[in-house]
């Protein structure tokens, strides 16, 4: 026995060396081959099976490398295709038409359909040449045989001999082999399974994506073979697929059965040499609109529209089944329109026809049986209408149903009154409707009514408020930016000092400097230097992100809101919510019926145009406008009616006087009814103006802000303020007025705009003229920006000395916002502008303008010495040299005068507006210096 085992081991080595790979090829010796051949057949078979080798006689098991089936590369889906930007733009512009149902199923399909090795083999599988039968023996003999069916359809079973299996089903083969083992091998039992299966060649022809022959698995079905060929061509029919065998059609496959019903009964397995033939597409219809699968569908004779809609996945929830549109080709080529009601059984059974186009419409989005709530409420939207629904049923309470900004004293109900959807408007008091349910304000609602709730603001006030807030925020941001820049400058200076210490010799460093974080080697540590730079950079990023990325906020009624929230508030004002209502009232007017719109203006809180409600009177129109203001004149108001003459149809205005006090108190005679195109003018109380204030500062005995009467003069106000102190310089008084400031600012802005245009023109002309000498356009534009950003002062020359002496011709009436500053007497003369050193000197009667200019170092190169002028302390201007401006050179300089040397406009490219702009800026600068 030991000798037999050794002999068997030698034979195994011979077999292994015989079947070595080419890289390790060794030629077995004749002795080794002879030893292997001397083994019994079952031992040879066991060795061959162990090493996966096919013996020369082909009867034993052999390694069968399964060849993957030949398949086409997957067809790309549209979304996977690489398109250029131009192709994408063109594809987006082109209308997306319907596609034929089922074709996209094969786009992007896998590249192989090789069966998984552990998939159970069907019992009716037909065994053929190339299949591998695995026979496991156990009991008296334990062994495993892997036997391949040869071309004759036979397997060579060791100990049993050849067995015919080809053409039999796998279940019959298993039963036959088990029976033979049981009968011929006493004490041995067997388990039969199918190993690696054969491949076969089939043909996919007709309108396939790539027709031809394909090597496929033996388990391949019709649909899988179509997959192998890349699917259907554009002209291939999904409902006309034939399986041909030996020239005969043995099965027809309708892919719609598989795709729509999951019915694979006709998707049978193929046999070697089978032909899968895809016919051309036949009759089709297109189904679009409110179906679950809009597409182009193939149809068969006799099919109905009920079946066609079922193919399309049925109707969606929004489908309008009562009116399905169908366009059908007539006999002479024209198209007829059909309408089917799918609630009728007869219409559903209508036969489809080739070329039909079906469009399933969408149900109307129009709501019915509802009441809509809009405006400044907590929960705007739609409420179900029920019979008897009233205003009080919509809102639970005043404090919980409305926003804090809502006006609960005025709301309107817009109602449609006829099939043309003309509207009628009703006016209600919301608070009264909720708190007094039995009042007329608790209006009974009808279906489709709209309730508009307004806030207490108007757009003009909100715009002014927003502008003020934006200005305030801008100033805050500007201050923050200035502070950040100052902090950056300090840190940069500290960093520069550190760099200077780095480069300084050690001997030049003091002990104090070394004590402030320096090393004994005389330089900063590298980490400290890097940390300083990183800290500075981090601060800059933090400041920039804080200034630029912060979302603007608006402080509104004690809380911060975003710009979006502020815009939403503007949408709930009277003018915004009533605009579409007024437009519809205007459009529904006709001959004999004036637009049911009235206008109220003057001293009301919300002047504007309002819809006329049934039996609308003056008092209800005032309630719509938010009521009267404090300054309203209630004794008399003007109500203008438009009257049309019946004879010549001329229009005239009839003005009626209305006693508002009686109208508000409910006097029916005074509370006149309002008709279309009426205009109510609420007058202002006589002699009632907003309080005018004037500010006195400087050397006034009692400086401050004073409330002045209309017509009060400066002399009278100074008398109330106790006059001037003994240190006052009345000749240098600075008086400003808001109206003048606005006018002056407008001039400055216009000058800046003109200079921008002239600078651009001169720069353009200079490009073609090399001899032209112009200044730097960037510097010019920088000056222009400074001029446009300058704030005008609005100074007015006053002769305060004459006023104080009682000269009424020099006195004048004050206006709201006037400002007077009386400086302390200064016996000085200032020189500013284009001089070497702008400076201030004590007044010397012996010196003239030229002397003071010499003291300032003389004029600069760009100075215009021919246009030197003097700004007096009172703001008046005179030209010291002879000329046509402000007199002659015989006037002496006085205390508080300022000599101004302007820039040469010729030096600045002779811009025509330069002189005027610089003059305003210089005068403003002189006044500001005096205020300091």
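Note that Cβ sites are derived from N, Cα and C of the backbone, with glycine treated the same way.
Per TrEMBL, the feature coiled coil maps to 467-497. According to TrEMBL, the feature domain 'Polysaccharide export protein N-terminal' maps to 120-184. Taken from TrEMBL, the feature domain 'SLBB' applies to 201-278. Feature annotation from TrEMBL assigns domain 'Soluble ligand binding' to 285-331, 599-632, 694-730, 829-879. For 1-25, the entry in TrEMBL reads signal peptide.
Summarised as a single figure, the pLDDT of the domain 'Polysaccharide export protein N-terminal' (120-184) averages 90.
Same-chain neighbours of the domain 'Soluble ligand binding' (599-632): 407, 409-410, 412, 424-427, 429, 456, 458, 574-575, 578, 581-582, 585, 639, 658, 660, 663-664, 666, 670-676, 678-685, 688, counting only residues six or more beyond its ends whose CB sits under 8 Å from a CB of the stretch.
Beyond the ends of the domain 'Soluble ligand binding' (694-730), by six or more residues, the same chain brings 687, 798, 800-801, 803-804, 806, 808, 811-814, 816-826, 873, 895-896 to within a C-beta distance below 8 angstroms of the stretch. The DSSP breakdown of the domain 'SLBB' (201-278), given as helix, strand and coil counts, is 14 helix, 36 strand, 28 coil. The domain 'Polysaccharide export protein N-terminal' (120-184): residue composition by secondary structure is 15 helix, 24 strand, 26 coil, according to DSSP. Mapped onto DSSP classes, the domain 'Soluble ligand binding' (829-879) shows 10 helix, 17 strand, 24 coil. In terms of DSSP helix, strand and coil, the domain 'Soluble ligand binding' (694-730) has 8 helix, 14 strand, 15 coil. Counting residues per DSSP class in helix, strand and coil order gives 7 helix, 12 strand, 15 coil for the domain 'Soluble ligand binding' (599-632).
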